[in-house]
């Protein structure tokens, strides 16, 4: 992938950009095999990759510069701002949005937050696009609600310029820390969720709900999990750390009992909406801590699917699964190091299948799916 920002030394986020994709995949596969070297693996499936540029459905832009000439991008470690609107990871559809947002920031008087001086209002702009219909969700992260009235007043102009904006919100993040969002979300549009669709499964994206940033590869990840589950004798499963329900909604059948657990209420609202659209009445989604939910249960289903954050599922949940011994565990991980550590805590299982998904091209990161079977 050619990147003028990288070539000019202005951005180094894509550390592997000079390596061809096949070399990147080989290096990631070698890393994964090294991490799982102590565990026999029956089948290594071929790695899955997608487009090498224009694949991201989300932009997280630090706003800096002045209200008349805002910059959207990032801050270097020394505090120097860098505009990343031309980043080739973003699809072409993002360019006109960035172009319209810069004059809008001036129109609405949204002074960019100055980290060094602790002054200003607009901290971040978060943009998400639906692959299914091109609709977009835009979130303004502000220090306070001081400029809210001005923003509302200027909004008709933005709608006129960008009719693809289906969901617009203001998030209030008052703390002087590098935290992306606060607890308060103020909706400025009638719609509160962005419609998405993977493999004919309706999904919804709301503010403060996690959603994969590489739709092309994520849709293949969900489809693969679905195919693996369909090959197993499963009538009841848990989907822990379920997010908006991507895995569970793909894997569920009309007669399967499924419980999805996720701590974020916004994500659970999305999952419930999707389940209702699909007419799946045997699905239950609850906003709870996944470990606390699981360890409080006196019995387990045949299959437990886990998709934890980078820290992994942790020893308490591993110990519980070892004791309760479900027939199958499907582990989806964005951090193979913690996954390998967790697998070590599950000695009663063998690894039947492993597949790498190149969710994050040009970096050392990747997603991995494993199927573990009770010995």
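Quick reminder: no glycine exception, Cβ is built from N, Cα and C everywhere.
When 241, 328, 357 are compared with the S-adenosyl-L-methionine site residues 212, 262, 307 in Swiss-Prot, the one appearing in that site is 241. For residue 3 ([4Fe-4S] cluster binding site), the nearest of the recorded positions 212, 241, 307, 334 in terms of C-alpha separation is 212. Listed in chain order, the extra residues whose Cβ falls within 8 Å of the Cβ center of the S-adenosyl-L-methionine site residues 212, 241, 262, 307 are 210, 242, 243, 244, 246, 247, 267, 308, 309, 332. Highest Cβ count within 10 Å among the recorded positions 3, 14, 87, 334: 87. Using a 10 Å Cα-Cα cut-off around residue 307 (S-adenosyl-L-methionine binding site), the recorded positions 11, 14, 87, 334 reduce to 334. Long-range Cβ contacts of residue 262 (S-adenosyl-L-methionine binding site) within its own chain (separation 6+, distance under 8 Å): 241, 242, 243, 268, 271, 285, 287, 288, 290. Among the binding-site residues 11, 14, 87, 212, the residue whose Cα lies closest in space to that of residue 334 (active site, nucleophile) is 212.
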